[in-house]
Each structure stands twice: as structure tokens, then as C-alpha cells.
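J.: I'd like to ask some things about the structure below.
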Amino acid sequence: MQQEFERIPSGCAISGIMSTKGRRMNGEAIIRSIALMHERSNGLGGGFAAYGIYPDFKDHYAFHMIYHSEQSKMDAEAFLEENFIIDRSEPIPTRVTPGITDPPILWRYFLQIKPKRLIVFGRVDSPRAFVVNAVMTINNSIPGAFVASSGQNMGAFKGVGFPEDIGRFYRLDEYEAYIWTSHGRFPTNTPGWWGGAHPFCLLDWSVVHNGEISSYGINKRYLEMFGYCCELQTDTEVVAYLFDLLHRQQKVPLRLVCQALAPPFWKDIDMMDEAQRQMYTAIRQVYGPGMLNGPFSFVVASSRYMIGLNDRIKLRPMTCAVKDDLVFMASEESAIREISPDLDRVWTAKAGEPIIAELEEGAAV
Amino acid sequence: MMQIDARGMYYRDLNKMIKEAAWAGETEFILDNVNGQRYIGTGVDRKVNITINGVPGNDLAAFANGPVITVNANAQDAIGNTMNDGLVVVHGLAGDVLGYAMRGGRIYIKDDVGYRVGIHMKEYRRQVPVIIAGGRAGDFFGEYMAGGIMMLLGLNRKPGQPLAGDYLGTGMHGGVIYLRGEVAAYRLGKEVAVFALDDGDEKTLQKYLGEFCDCFGLDYNQVREEKFCKLVPVSHRPYGRLYAG
Amino acid sequence: MSSLIPAEFFVRVDHQRCRRCKRCVMNCGFGALSFQDRVVADHKKCVACHRCATFCPEGAITIEKNPLAYKESGHWLPEYRKNIMKQAETGGMLLTGMGNDRPYFSYFDHMVLDACQVTNPSIDPLREPMELRTYLGSKPSALEFEEAPDGVRLKTQLAPQVKLDTPMVFGAMSYGSISLNAHRALARAAKEMGILMNTGEGGLHKDLYPFSDRIIVQVASGRFGVNQEYLNHGAVVEIKIGQGAKPGIGGHLPGEKVSQEVSETRMIPLGTDALSPAPHHDIYSIEDLAQLIYALKEATNWTRPVSVKIAAVHNVAAIASGIARAGADIIYIDGFRGGTGAAPTIIRDHVGIPIEMALAAVDDRLRKEGIRNRVSLICAGGIRHAGDMAKAIALGADAVAIGTAALIAMGCHVCQKCHTGNCSWGIATQRPELVRRLDPELAAEHLCNLIRAWSLELKEILGALGVNAVESLRGSRERLRGVGLSRVDLDILGIKPAGR
């Protein structure tokens with residue numbers, strides 16, 4: 001399927017919860033939150049990302065795989081065995097759930113990179129670059145195999161169905177995480193492809209996204225210049241790759257990554273003081289091809305952060321709230337109130353203004 | 001009086017209960033534990049009072065034609081979409097695209113409002129729609145406004161905070177926007193200009209702002225202590241040189 | 001012996017309406033009209049520049065194609081026969097002006113743009129922000145930042161960048177090939193609209209020094225008018241390697257066009273021929289180009305981007321890659337429709353490749369090599385309207401250059417006789433009585449109007465595409481589809497066919 005690439009536009013609901021103290025919660029709350037926005041999905045895609053779920057394997061790369069056939073599983077496993085030490089290999093636990101039909105083979109692996117394989121890379125972040133490469137290779141050259149997530153101590157659980165059904169199917173009530181993000185999808189087409197659901201993940205980045213990225217064409221070509229292959233039938237993957245490129249590879253501070261993706265208008269830049277003007281002008285000059293244009297709101301998470309961002313003219317909704325150590329971001333306030341009726345603070349996000357929740361220093365996760 | 005516990009109710013069931021009771025003559029509704037149910041007040045088509053305890057879903061009072069709706073919480077996006085008549089009072093904040101293409105009725109929001117509030121608002125014959133927001137607003141307030149009355153008060157505004165976002169009144173070609181306090185010129189759409197109030201404006205303020213203050217227990221004179229100004233379109237054809245033969 | 005070749009056009013004067021004001025006679029730059037009791041036309045001299053018809057107060061003049069019938073031949077078209085006769089009479093090369101006029105297949109005309117419906121909204125460009133600002137110059141692949149007491153600061157020092165308010169520049173046209181008044185109009189319009197004009201290779205007249213932050217100063221093989229002062233008066237320095245109308249061919253400004261002012265501007269003696277050889281004789285290879293690029297950077301103290309202008313030829317992608325690696329900040333690619341003040345017709349019409357293909361190939365190649373950010377791409381050669389511009393940008397251009405379109409805005413009727421120096425419109429001429437006809441202020445106003453109108457149209461296109469900044473269209477080939485193109489064409493252009 002991923003070989004015959006055609007992008008499917010879709011609308012959506014998103015929701016995210018984070019405990020900045022690293023306190024872990026089971027998946028019940030996030031399922032209830034996303035279920036409340038049932039009307040925003042159409043049953044053709046739902047998914048979750050969870051951080052902190054594999055404390056016993058927290059230094060392993062947890063690969064969540066979607067296979068279309070035993071053959072693709074064999075091919076992918078041959079590739080994994082060649083490059084990684086597979087410390088555990090098991091089916092992702094699921095339960096029979098009405099509304100979830102024809103699931104593909106869902107498997108997970110806890111991996112360490114074979115030290116010998118790493119030698120080809122000479123850089124400090126080489127293990128991560130190695131994993132990125134492995135993910136790109138599997139997604140693009142092993143037919144019927146798709147990496148749903150590849151980070152440490154995190155995982156993505158997604159598929160075709162309403163998100164609440166997907167959540168129950170994957171038994172998310174049995175996992176505990178300090179960040180949960182979720183997505184209900186309203187694609188305008190029926191690819192029936194589990195890999196096409198959100199979140200999109202690469203390393204510990206996960207993205208859930210509402211809207212369509214009208215600049216996808218150039219974002220994709222920009223990322224290809226840096227070796228990222230965008231072949232997954234959706235515009236959302238570019239968000240994950242842009243965070244990986246700008247923050248992990250190029251070390252651009254997170255807030256500025258967000259502002260490269262949804263930059264201030266020139267008229268606002270022109271009013272800034274000299275140093276700021278120089279900085280934002282350079283950001284637009286250099287990262288213009290990475291700018292995300294069109295309507296979007298997304299929640300990006302990594303092991304330390306949960307980040308909400310809207311497009312520059314606020315064409316998609318997002319409400320944020322705080323209650324004690326919990327930070328919420330969702331397409332609708334009611335999705336937050338559903339799981340936390342009393343909130344310390346609630347506000348609607350501004351266009352292009354990143355909302356960044358960070359794990360407290362010393363939080364044990 | 002009809003009191004409904006809306007917890008977990010599907011919006012169609014909730015709205016059906018309200019409509020059927022209203023059509024049977026009920027005029028007072030109290031909805032408890034509302035959370036996210038869409039289209040409340042839509043299709044009711046008569047003067048009933050609906051009190052909502054909880055956060056109503058999107059498109060509250062969409063196409064509304066008469067109901068008086070009070071929300072004792074925040075409200076979400078697209079309140080009063082293409083509203084024709086009625087009153088919506090929100091004791092909290094409201095989201096984006098509030099009062100889209102509203103042709104009649106009033107919407108009073110106690111706190112902040114989002115982006116594109118009052119977009120495409122218009123008036124027709126004796127119908128003059130009114131939106132008043134007690135807090136601050138996002139960008140594109142009054143975009144394409146063709147008629148009606150909008151007020152932005154900024155009562156919760158802290159020093160240094162802007163009253164409204166950018167592109168205030170962009171594309172505006174009718175109606176009037178009243179602002180409590182000042183707005184930097186660069187935030188204005190190119191079609192509007194700032195003017196001082198005249199006697200007619202005073203009457204308008206007394207009527208609607210007075211009602212707004214009553215709704216939220218505010219002192220009208222105190223609200224008026226800060227200077228108001230108004231925005232009106234300066235030309236009906238701001239795009240004269242846009243096209244060639 | 002006078003030529004036996006039949007006239008190309010007939011000048012028809014309605015003598016009943018003519019009031020014998022002789023305005024047409026005075027206006028014809030080509031001496032086609034004279035007055036002997038009434039207006040008399042020498043049809044063979046008429047080039048269809050329309051000057052007489054435009055200024056006849058009675059509307060009494062029309063120009064017609066000579067209806068003389070030739071025996072039909074699909075192969076021996078009348079123009080080939082006439083050209084052979086001409087060459088048999090003279091033994092010379094055919095000379096012409098403007099760009100390739102052959103009916104080659106237009107790729108622009110076989111690409112269509114996308115628009116939003118439902119899943120993503122289009123944007124109103126008149127009421128909401130719509131940004132066309134573009135910076136020309138080399139960009140790093142990444143930025144570095146540092147912590148400062150008052151927050152994060154930019155650490156990376158960028159190479160020089162030149163701002164365009166809209167992604168257009170005027171094409172390179174030298175003073176010599178066009179008049180000083182035309183240059184004045186281009187400079188004024190460039191300043192007014194926040195874009196750039198290009199001196200071509202004829203130097204920069206001192207009157208234009210006040211516009212220097214809006215001028216690309218060209219350095220060509222003849223180095224006419226090139227000195228430190230000249231370089232200092234440019235916002236961009238451009239090395240001219242080639243030109244779309246005559247790739248691989250040099251230039252020749254005949255001595256009779258080297259007037260006092262041209263002589264001073266080019267810094268050559270009055271009335272001497274100005275020869276521009278095809279190659280720079282300090283560039284016989286790519287490393288020599290690098291040497292010249294860095295010489296110019298050194299000469300301008302690393303404050304100006306250096307551009308390299310080339311004609312689109314078969315191997316343009318590899319050439320462009322070499323130029324990027326040689327240190328250029330901008331590559332200006334001129335397609336085979338690009339114009340000229342004078343070129344052998346046989347070269348103009350048969351050498352070079354379409355800009356659409358060249359641009360697509362270059363942008364692709366630079367991306368595959370991971371160096372697209374190192375250069376800005378200006379593309380030129382037959383950009384007729386904002387649709388062509390938008391398609392070029394979607395294929396990957398940072399900006400387009402407009403030469404012929406700018407000339408038309410100033411009054412040119414594309415009669416293709418630039419090389420004769422008789423331009424009735426006062427554009428491609430040095431004859432003082434003709435130059436005087438071009439009012440630089442009015443011409444500048446028309447140029448500004450054109451830039452404004454195309455910018456508005458580009459904003460409409462961006463709005464329909466649902467993006468509010470031109471960088472989101474730039475290189476976004478996903479927003480283009482081909483209609484009636486072969487699989488190979490689509491592959492080269494990097495676009496899908498309509499329906500996919």
C-alpha cells in the first residue's frame with residue numbers, strides 16, 4: 001500500500017494529557033476524552049501515543065509494527081535481526097472489540113542496536129540516526145511492513161476504527177503513561193490502512209494532528225533533501241520529521257522549531273527589535289520550506305514535552321487547560337472537562353503560538 | 001420547568017427532548033452536566049429559556065430563531081452560527097467564529113472570545129444583530145462585517161495587553177464596532193477608521209451595553225469610565241483599483 | 001539592386017479619414033512612411049510596430065499581413081523561402097531581436113494549478129495576510145542559536161540576502177540595447193515596487209546611482225563599465241555566462257549605437273564597436289568561475305550576493321550544481337524563450353531548452369545533492385503572466401525575471417526589430433529623437449502597475465491554494481498537474497497528471 005502513495009486529506013479530533021511531574025495514569029481518561037469528540041471522527045482511524053509505558057525496557061527502542069502478512073513480518077524480522085539485538089518479541093496485546101475488524105498483525109519488539117552495526121555512523125547522535133534510518137528502510141523497502149512507533153519507553157497504538165474502540169482493542173486501560181495523546185480521524189477517503197492512522201511517530205516524537213497541511217508538497221521535498229522519506233499517505237508525518245530534523249538533528253530550541261513551522265508574519269517581524277528581527281528573519285529565510293501552511297492544530301509529544309501548536313491564522317481549534325500537575329490540550333474544551341471537570345486555568349490557543357508543557361526537573365519517569 | 005441531566009447524553013437525544021417539550025408548550029429548561037453536546041437551541045424556533053450548566057458543544061444556537069440561552073460555563077466554537085433571533089449569554093469565554101453570518105439576536109460573552117468573531121455579520125431591515133464580548137478578542141474581529149453592532153470591552157485586560165488581535169474589522173463594509181479603550185492603528189483592517197462617539201452611539205451603548213451589564217452584574221457607569229471609540233468602514237468600495245476590464 | 005523579397009506587411013491608410021497631420025510619418029522609426037501630397041507607405045520597411053496606427057488621431061491606419069499567396073507547402077513555409085532569398089541576396093546571417101517566436105510546445109500551457117475545496121480552506125488574500133516577500137541569497141542548511149541574557153539569540157551569520165517585496169525581478173537588459181529612458185523607468189519601478197532591475201552588460205549610468213540598492217549589476221565577458229564604483233552600486237553582482245536567446249553566443253553593440261552617454265557608461269571610446277565574446281576569457285572551466293565569484297565577493301567586501309546567469313542548455317542541471325558548488329548565491333536560468341537585443345535568428349530559434357524543463361531539472365538536482373538551500377533560483381525566458389510565474393515558483397523558482405513583459409508594459413509591440421536600433425517606441429534605440437518618446441515616469445508607472453497586478457494575481461492563486469506565504473508554494477509541485485503531457489515529461493517536471 002505505501003508504495004502507491006496518494007495523500008488522503010482528513011479532518012479530526014485531538015486530545016492530549018501530560019503530568020509534568022511524570023505521574024503515570026492508565027489509558028481510561030484519554031479514551032473518554034477522545035470519545036467525547038466522537039462527532040469529529042468517522043470511524044476510519046483512531047490512535048494513541050503513550051509515554052512511560054515500558055519502564056522495564058526504558059532504554060530499549062520499542063518498535064510497534066503493523067504487518068499485512070506473515071511474509072512482511074518475516075522480511076522485517078530478518079532486517080531487525082541483522083541490525084538489532086531483539087531482547088523481546090511479542091504480539092501487541094489486544095482484545096476482541098466490536099467495531100474493530102480485520103486487524104493486521106500487530107507486533108512489538110524491544111531492541112538494542114548491534115554495536116557493530118553502529119560503526120558506520122561517526123556522530124554523537126548516531127544511535128538515533130541509526131534508528132531513523134532503520135525506520136525509513138522498513139517503511140520504504142519492506143512491502144506490507146510499517147513501523148507505528150520506534151521510541152524508548154513509549155509506543156503508538158493505532159488503527160482503523162473509532163478511537164475509543166481502538167483504545168479498548170489495544171487494552172490501554174492496562175498501560176500507565178505520564179503523557180497520553182490521541183486522535184480521532186475523519187479521512188475523506190477509505191484507505192482502510194492501519195498505518196495511515198495517527199499518531200505518527202519517529203523515535204520518541206509522536207504527532208496527532210487536526211487539519212490539512214496545504215504546504216505538504218514543499219515540506220515533503222524539503223525533508224527528502226535531508227533523507228526523510230514521506231510515503232505514508234498523510235501529511236502528518238512531515239510534522240514528526242520536521243521536529244526530528246530541526247530539534248534533534250539541528251538543535252534548534254523547541255519554541256523556535258514551533259515558530260519555524262508557524263512563523264510570525266513579516267509585518268510583525270518588521271516591528272521587532274533588531275536582534276529579534278534578525279533571528280526571525282533568518283528563521284523564515286532558512287526554514288521557509290518547512291513552514292506548515294494551511295489549517296492545522298497538532299499535539300506533538302516527546303519523552304520530555306507535550307507541545308500544542310496552531311496554524312498562523314487559527315483555522316483549527318485548540319483549547320488548553322491546567323489542573324495541578326496535569327496539562328491538557330484538546331480540540332474542544334468539553335473533551336478536557338470530561339476527564340477533569342474542575343480546572344485551575346483554561347484558555348484557547350492563539351494562532352502560531354506554541355504551548356509547551358515540560359516534564360519537571362528530576363521527575364522520575 | 002423542565003430539568004434534564006445531560007450527562008453522557010447524545011446530542012440528538014438531548015435536543016429532541018428540548019424541542020418536543022418546547023413544541024408542547026414548555027418554556028423553561030435547565031440542562032445540567034452538559035458537556036460538548038452540539039447544536040443546543042438549534043431548530044427550537046420559539047421564545048424559550050434554556051439554562052446550560054456545563055460546557056455546550058460547537059454550534060450552540062446555530063440558526064437559532066428565538067431561544068434565550070444562558071451558559072453558566074465556557075462555550076466552544078461557532079456559537080450563534082447564522083443566528084436569526086434570540087439571546088445567548090455566556091458566563092465565561094467563547095471560541096472562534098462566533099456569530100458567523102449572524103443576522104439578528106444578541107450574543108453576550110463575559111470573557112475573552114476567539115478568532116473571527118462576528119465574521120460576516122449583517123443586518124436586514126429591522127434585524128440588527130449584536131455581539132458584546134467583555135474580554136479580549138483574537139485576530140479578525142468583525143471580518144467582512146456588513147451590518148449590526150459589535151462591542152469589545154477588554155474588562156479583564158492587563159496593562160500592555162492588546163484589546164484585540166490583528167486585522168480588526170478587515171473587509172468590514174457595514175455596521176459598527178465599539179471599542180472600550182484604544183487599539184494600535186496597525187491592527188486595523190484597511191477598510192476601517194476610528195471615530196469618536198456621537199449621540200446616536202450613546203443611545204446604542206445604553207441599550208445594549210446596559211443589558212450586557214445587567215446580565216453579568218456589572219456597573220454600567222463604571223464600565224463607561226474608560227473611553228470608548230468606534231470603528232466604521234470608511235469606504236463602501238475599498239477595492240476600486242483591483243480589476244482591469 | 002533593391003530586394004525582390006515581397007513586403008511582410010501592408011500599411012493601409014484610409015485617405016478619406018486622414019487629415020494629413022503627418023504624425024504617422026514623424027512617428028515611424030523605420031522610415032516606412034513619407035508624405036507626398038498624402039501619406040505614402042514603403043510597405044517593405046514596415047515592421048508592424050504599430051506606432052503609426054497607435055498615434056493616428058483619426059484611426060486611419062491599419063497594418064495588414066501581406067496576403068500574397070504562396071503555393072502551399074507544409075515544409076517550405078513562406079518564411080523559409082523568404083529567408084533563403086534574403087540570404088542569397090546578402091550572404092549574411094539572419095539577425096533578429098526579442099525571444100524565440102517558433103511555436104514550440106509550451107509546458108506552462110500544459111500545467112494547471114490546484115485549489116482548496118472543503119478539506120482545507122482557501123484564504124481571502126484581500127482581507128487576510130498574504131505574504132510574497134522573498135529573499136535572494138544563499139541560505140545555510142541550519143541555523144544555530146545561543147542563549148543571551150535576554151533570551152535566545154541567532155548565532156549564525158547569514159550570507160548577504162536581498163529582499164524582494166514580490167518574487168519578481170526585471171530581466172537583464174543593457175543600456176545600449178535599450179535606451180537610457182527605458183533604464184530609468186526600470187530603476188524607478190524596481191525601487192517603487194521593492195524588486196530589482198538588472199543592468200545587463202552595458203554598465204550603469206550615473207543617473208541611476210540613487211537606485212543602487214535595487215539594481216543587479218552585471219559583469220559580462222566584455223566587462224563594460226565594470227569598476228569598483230560600479231560594483232558598489234549594485235545590490236547583487238551578476239556574472240553573465242549566457243542568455244536564453246543566444247546560448248553560447250556573444251554580443252556586439254555596433255559603433256553607431258555607442259553614443260556619448262553609452263560611451264561614458266560602458267567606459268569605451270565614442271563610436272567604437274563593443275564586443276562581448278561568448279566566453280569570459282578568465283573562465284574556461286568551473287574552477288575559474290569560482291575564482292571570479294570569489295574575486296567579486298572580495299571586491300564587494302562580502303556584502304553582496306553573487307549571481308550567475310546561464311542559458312538553459314541540455315546539461316543545465318549539472319551546470320547549475322557546479323555553479324552552486326562554485327560559491328554562487330543566486331543562479332539565474334534563462335530559457336530558450338528569453339529575449340535579446342540582437343541575436344542570429346538561427347541561434348535564437350534552435351538552441352537551448354524550455355525554462356520549465358530546465359528549472360525542474362535544476363531544482364531536482366540541487367535537492368538530490370542536498371544543496372538547494374545554497375542558491376536562490378531566478379528563472380526567466382517567456383514568463384507571460386502571473387500563471388506562468390506561479391507555475392515556475394511551484395516548480396522551484398525563488399523568483400522570476402521578466403524582460404519581454406516589462407518591455408511590453410513600457411510600450412513595446414514585440415516587432416522583433418530591436419537589433420535595428422530604430423525602435424519607434426523609444427525603447428530599443430539610441431536615436432535621441434526616438435529615445436525622447438519614452439517618458440520614464442509614465443513607463444515606470446506602467447511597470448509598477450504590471451508588477452502590482454501580477455502580485456495581486458499571485459496572491460489570489462496562493463489564496464485559492466490555501467497558503468498565505470509564497471514559500472509554501474515554492475517547489476510545491478504537488479500543487480501542479482500536467483494536462484496532455486507524456487509520462488517522461490511528467491517525470492522530468494516532477495508532477496502528476498491531472499486526475500491523479
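Placement of Cβ uses the backbone N, Cα and C atoms for every residue, glycine included.
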J.: Given TrEMBL annotates C:CYS18, C:CYS21, C:CYS24 as [4Fe-4S] cluster 1-binding, which of C:CYS56, C:CYS116, C:CYS379 belongs to that site as well?
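T.: So, going by the record in TrEMBL, that would be C:CYS56.
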J.: Least buried of the binding-site residues C:CYS21, C:CYS28, C:CYS46, going by other Cβ atoms within 10 Å?
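T.: Minimum Cβ neighbour count within 10 Å, taken over the binding-site residues C:CYS21, C:CYS28, C:CYS46, occurs at C:CYS21.
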J.: Give me the count of other Cβ atoms within 10 A of the Cβ belonging to C:CYS18 ([4Fe-4S] cluster 1 binding site).
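T.: 17, counting other Cβ atoms within 10 Å of C:CYS18 ([4Fe-4S] cluster 1 binding site).
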J.: Can you tell which of the binding-site residues C:CYS46, C:CYS49, C:CYS52 lies nearest to C:CYS21 ([4Fe-4S] cluster 1 binding site) in space, using Cα positions?
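T.: So, spelling it out, the nearest of the binding-site residues is C:CYS52.
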J.: Can you give me the residues near the recorded [4Fe-4S] cluster 1 site, meaning same chain, not C:CYS18, C:CYS21, C:CYS24, C:CYS56 themselves, Cβ no more than 8 Å from the center of the site's Cβ atoms?
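T.: Filtered neighbour residues, in order: C:VAL13, C:ARG19, C:ARG20, C:LYS22, C:ARG23, C:VAL25, C:VAL39, C:CYS52, C:PHE55, C:PRO57, C:GLU58, C:ALA60, C:ILE61.
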J.: Compile a sequence-ordered list of residues in the same chain as C:CYS52 ([4Fe-4S] cluster 2 binding site), six or more apart from it, whose Cβ lies below 8 A from its Cβ; state 'none' when nothing qualifies.
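T.: Same-chain residues close to C:CYS52 ([4Fe-4S] cluster 2 binding site) (Cβ under 8 Å, separated by 6 or more) are C:VAL11, C:ARG23, C:CYS24, C:ASN27, C:CYS28, C:ALA32, C:LEU33, C:ILE61, C:SER424.
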J.: Let me spell it out: take the domain '4Fe-4S ferredoxin-type' (C:37-66), skip the flanking residues so only those 6+ beyond its ends count, and list any with a Cβ under 8 Å from a Cβ in it.
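T.: 3, 5-15, 17-25, 27-31, 413, 415-417, 423-425.
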J.: Since the record lists C:CYS24, C:CYS49, C:CYS56 as binding-site residues, which of them has the fewest other Cβ atoms within 10 Å of its Cβ?
T.: C:CYS56
J.: Check the domain '4Fe-4S ferredoxin-type' (C:9-36) for me and report the mean pLDDT.
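T.: The predicted confidence over the domain '4Fe-4S ferredoxin-type' (C:9-36), as a mean pLDDT, is 96.
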J.: Could you name the residues, excluding C:CYS28, C:CYS46, C:CYS49, C:CYS52, of the same chain that surround the [4Fe-4S] cluster 2 site, i.e. Cβ within 8 Å of the Cβ centre of those residues, in sequence order?
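T.: Same chain, not in C:CYS28, C:CYS46, C:CYS49, C:CYS52, Cβ within 8 Å: C:VAL11, C:CYS24, C:ASN27, C:GLY29, C:PHE30, C:ALA32, C:LEU33, C:LYS45, C:VAL47, C:ALA48, C:HIS50, C:ARG51, C:ALA53, C:ILE63, C:SER424.
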J.: DSSP on the domain '4Fe-4S ferredoxin-type' (C:9-36): how many residues come out helix, how many strand, how many coil?
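T.: Per-class counts: 5 helix, 9 strand, 14 coil.
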J.: What is the number of residues in the domain '4Fe-4S ferredoxin-type' (C:37-66) that are helix, strand and coil, as DSSP sees it?
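T.: Counts, helix then strand then coil: 8 helix, 9 strand, 13 coil.
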